[in-house]
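Colleague: Reproduced below are the annotations present in TrEMBL:
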{"type": "BINDING", "residues": "SER8, HIS66, GLY142, PHE143, GLY144, GLY145, ASP175, GLY176, GLY177, GLY197, SER198", "note": "substrate binding site"}
{"type": "BINDING", "residues": "HIS33, ASP35, HIS66, ASP175", "note": "divalent metal cation binding site"}
{"type": "ACT_SITE", "residues": "ASP35", "note": "active site, proton acceptor"}
{"type": "ACT_SITE", "residues": "ASP175", "note": "active site, proton donor"}
Amino acid sequence: MSHLIAPSVLAANFGHMDHDVQMLNQSTADWIHIDVMDGRFVPNISFGFPVLQAIKAKATKTLDVHLMIESPELYIEQFQKAGADIITVHEEACTHLHRTLQQIKDTGAKAGVALNPHTPIQVLSEVIEDIDVVCLMSVNPGFGGQKFIQHTYRKIEQLKALIVERNASTLIEIDGGVNLDNAPLLLRAGADVLVAGSFVFNSNNPTNTILELKNLTR
Ligand code: DX5
Ligand code: ZN
């Protein structure tokens, strides 16, 4: 499988969301990454159900919803109904992660787990077979446009080893500070999905930037 590109609409223009979603529909993006923040789990507030529904109404791509919220188990069904195809919860926000993953799958959505930069891969060793996507945060979550954290490469290799050892089909997604300098190295280390926010939307030609990320070889 070739790698996937998931532009993050956190960096899009919210006054022209229709225009930006159309651009993504027509681009070589595979997923649309949607960052939900509650002002509790992370020190920022982004958007919730109405915005997700509005994106869903226009989007023709898989909606990859990254929940940076406390107690995500309270809202799983609502996010699926609002249009999420993939629902990613933070390991640090889930006391009963195994149960929450089952809850996500029961809605018909794919289940993702995100890990903060400080969280070791080992916390997933007993649930890896139940996870469709692991999202490795390569910045501290809460804001777009931050600097990529270098130790992410090491975590990709550790995660890849765990996935291979358990014969799991989990995808490895990298989120934060991704650009054309680090993307080739991330793919070589084992990344399957690259999220890119500011690098795509702050570029002169977002469609072309998405294509450049997509055309990299592993
Ligand atoms: C950070 C978000 C990221 C963010 C990435 O909390 O989870 O998805 O939008 O933005 P860039 O690519 O600008 O780091
Ligand atoms: Zn994200």
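Cβ atoms are placed via backbone N, Cα and C, with glycine included.
Those TrEMBL annotations? Automatic predictions, nothing curated.
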Colleague: How many Å lie between the Cα of GLY142 (substrate binding site) and the Cα of HIS66 (divalent metal cation binding site)?
Modeller: 11
Colleague: Sequence gap of 6 or more, Cβ distance under 8 Å: name the residues on the same chain that satisfy this around HIS33 (divalent metal cation binding site), in order along the sequence.
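Modeller: Listed in sequence order, they are ALA6, PRO7, SER8, VAL9, LEU10, ASP64, HIS66, ASP175, VAL195, GLY197.
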Colleague: Including all protein chains displayed, how many Cβ atoms other than that of GLY144 (substrate binding site) lie within 10 Å of its Cβ?
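Modeller: Result for GLY144 (substrate binding site): 21 neighbouring Cβ atoms inside 10 Å.
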Colleague: Using the alpha carbons only, what distance in Å do you get between ASP35 (divalent metal cation binding site) and GLY177 (substrate binding site) once rounded?
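Modeller: With the alpha carbons as reference points, the distance is 14 Å.
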Colleague: Around the divalent metal cation site recorded as HIS33, ASP35, HIS66, ASP175, what other same-chain residues have a C-beta within 8 angstroms of the site's C-beta center?
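Modeller: So the extra residues in range turn out to be ALA6, SER8, LEU10, ILE34, ASP64, VAL65, THR88, ALA114, CYS135, VAL195, GLY197.
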Colleague: Output: those binding-site residues from GLY142, GLY144, GLY177, SER198 whose CB lies less than 6 Å from an atom of ligand 2, in sequence order; none if no residue fits.
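Modeller: If the test is a Cβ under 6 Å from any atom of ligand 2, the answer is none.
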Colleague: Tell me, how many other CB atoms lie within 10 A of the CB of ASP175 (substrate binding site), whichever protein chain they belong to?
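Modeller: Its Cβ shell of radius 10 Å holds 26 other Cβ atoms.
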